[in-house]
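Below is one structure; the comments refer to it alone.
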Amino acid sequence: MGELEEKETPPTETTAAQQEALEEPKETDKMLDKKEDAKEKTPSPQTSKPASPNAGKKSSPVAEKKIDDAELAKSKSGNGEEIIDIPAENGTKPDSADDKKISKEEREVKPKKIPIGGLKLPGFFMKNKPKADGDGAEGELLEKEKEEDKDKEANGDAATGSGKDEQKSRPGLGERLRSFFARKPSAEKEKKQLVNGDADAKSEATAEATPAEDASDAPPKRGLLNAIKLPIANMIPKKKSNDDVELGLGKAGLASMETLDDSLKDQDTVDRAPVKTNGTEELKGELKDEKLAAEEKLAAEEEEQNRPVSLLTRLRGYKCSVDDALIVFGILLFVLLLGVIGYVLTHETLTSPPLREGRYIMAVTGCGPVEGVKEDGAFAFRGIPYAKPPVDRLRWKPAELIDDINMCWNDTLQTHNSSVVCTQRLGNGTTVGDEDCLYLDVVTPHVRYNNPLPVVVLIGAESLAGPSPGILRPSARYSRSHDVIFVRPNFRLGVFGFLALDALTKEAHPPTSGNYALTDIIAVLNWIKLNIVHFGGDPQSVTLLGHRAGATLVTLLVNSQKVKGLYTRAWASSGSAILPGKPLSESGKQNEQLMATLECADIQCLREASSERLWAATPDTWLHFPVDLPQPQEANASGSRHEWLVLDGDVVFEHPSDTWKREQANDKPVLVMGATAHEAHTEKLRELHANWTREEVRAYLENSQIGALGLTDEVIEKYNASSYASLVSIISDIRSVCPLLTNARQQPSVPFYVVTQGEGPDQLATVDADVQAILGRYEPHTVEQRRFVSAMQQLFYYYVSHGTVQSFVQNRRVINVGQDAQPEEDYLPCNYWISKDIVPRYARVD
């Protein structure tokens, strides 16, 4: 502890009785004074003090109390200061006259010096005596903070007042519990409170330093918090500051819990004794100022803490740790993921144009915007022009895409209704349609640019002269349910779509004629490549679906170099097995019969002829081909039969069979071929007999080429021909099923299917059964028929989406589609007809 500055104080005279009543100095003080004497060889007159003759005697508690009361009354100076006399060292020599003179003039109390860092064990040298007796030093120091206690002591009521104050200041159980859970000040605040004389700490120290007024009163109890804090504070001592050392407030150590109170008493009696000097007023003033400043600061801090703080201020002052940052980052990431998922699931980007009046929608083409209409949950655009009208000079010219801005439109073209079909001949001999017919229909479930859908191009015609499109019309309901886009184009038919003449060949560059309908379909594929994306379609997934005469055109296009990159796969249903094999020159000579009938010498005359005159001049043998049993006259006229399709040298270079020979096996076939088991059925044939019996079937076979070849009995036995269904099955195998299977066998990767599931009273699988099931127009009435529809749709739409046929196996290439799709090694009846040279000789020709 640092040594306080020495200041002069007025001498205080003490009587012998008072000196005798004072308690002898403690053993610790004696030891410290002896060390000082050893250090200073000549004692200073300022520090010496006459010893009491009765210093060595032990005083009683009663005498101590009396002396204390008398001394307290005399020791108060004019200014109210308390002067505490410290007894001198044990000595027996009486004071001399010189000593008294020095005491009167220069007498002052010098504080005892304790070396800094010295060990102070207050309880080690204590005498064993009961606490009730008290210590003589306890009565020497009084409370300096409380003015009320000073006034009471001056009036003689110190004992009574101190007892009441002690009783009042003792906290109750509730207050102690509340203080236990209150926020504890920091170490720095505790240090400042100790320096400035905190009220709680001083009250405890004063209570210990004040002598017991009444021997019968029990010692004051410490609070629960102090009882806990004191052992912990002494077990883990904190570093003392220089102020603690200089003021004498520090403790050297703790000997035991029993000596804790004595340590505090020694601290008060020894360390605070020098406060008697004249600098006490200044020191007390400074301490009070510091105390007031500390109290004001503490009050300001409490007020600052109690002041309501905004959330933003709290967030700014918050110091987050690494764990807090990771938690916040995880929460933000989770919220972000939820937002992204919600955005993807609920948000619809404006990829589709809005509806007008709730049913009209607009799309864009290369020639201008078009407006479609909503139907059955899908959108239909009907009558979109895809090529220039093939009229006047463009009659018998290859189709040309619209590249002239003068042929386009400025406003939105309303494509709500179907356009007129191309001119054609119906089955009853009437003609319908118009030459300006190169339009197409688009049916799409969505008009959007994201998630493009596969495209199915419907090419249907019962014959190359018409009617078209026949049964092959797009279904809005199935477009929506299967997520595909249907495109159905018009294409030229009859003489307008297939006429090949030498005169036409000579004026064309490159020199070619005929197959104009094929160029129409090629133009459609080019239009799809450029525009289908605006209708929600995928130009990289285009499937050609041909039915009957349309299947024949599809088969030719698959083998043409003109369509490479314009389609992805093809499906041909009930097409013709007789494909063009005649050269262009030979076909041109055969078609000169038309010019002779029209009495035209040049092409200009033909272009000026009306469509009605041209249809009237068309030979009947060009329009109709018998779908019946082969007749004997066909054997001699097979080479002279008319064929609409030719080897034009532009679209069709060679016979498809020559192309198939060069093909290699492919896991994903580009063509699927198929037919129905009873596609030769006609109402005209059925009405020949009301009830077809075995005899009637035999008679009908005998009158055909089969009877001429003597195969009637074999055929009846093989087919069990005793009904109309068996007769139709024989005709279908000869004309269509077996010839198509023969073509499929020439292609290593082409699956072939046969529909055998029947309907109606005769259980016939008619020519349109497969296409009706694909487009949703087949009306099932039994469980077997419903399963057939499901199997047929699964075959087709899986192929459209993935490019493979589920039931196709390389060594079992024939798929028998009954109520289920079953792969088989072969279709047995065909081998018989092939062996008899009937197939493919008498195959149907379109």
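Cβ atoms here come from the backbone N, Cα and C positions, even for glycine.
Marked as compositional bias 'Low complexity' by Swiss-Prot: 11-20. Taken from Swiss-Prot, the feature compositional bias 'Basic and acidic residues' applies to 23-42, 63-74, 95-111, 141-155, 163-178, 185-205. What Swiss-Prot records for Cys422-Cys437, Cys600-Cys605, Cys738-Cys830 is disulfide bond. Per Swiss-Prot, phosphoserine is recorded for Ser44, Ser48, Ser52, Ser75, Ser77, Ser103, Ser169, Ser186, Ser203, Ser256, Ser263. Annotation comment: Swiss-Prot describes 1-324 as topological domain 'Cytoplasmic'. The transmembrane segment annotation in Swiss-Prot covers 325-346 and rests on sequence analysis.
For the pair Cys437 (disulfide bond) and Cys605 (disulfide bond), the C-alpha distance works out to 22 angstrom. Checking each of the disulfide-bonded residues Cys600, Cys605, Cys738, Cys830 against Cys422 (disulfide bond) by C-alpha distance, the shortest gap belongs to Cys605. With respect to their backbone Cα atoms, Cys830 (disulfide bond) and Cys600 (disulfide bond) stand 47 Å from each other. In three-state terms derived from DSSP, Cys422 (disulfide bond) belongs to an extended strand segment.
Neighbour counts were taken at the CB atom with a 10 A radius for the disulfide-bonded residues Cys422, Cys437, Cys600, Cys605, Cys738; the maximum falls on Cys422. When averaged over the topological domain 'Cytoplasmic' (1-324), pLDDT in the model lands at 51. Cys600 (disulfide bond) sits 42 Å from Cys738 (disulfide bond), taking the C-alpha atoms as the reference points. In the three-state DSSP scheme, Cys605 (disulfide bond) is classed as helix. Here the C-alpha separation of Cys738 (disulfide bond) and Cys605 (disulfide bond) works out to 44 Å.
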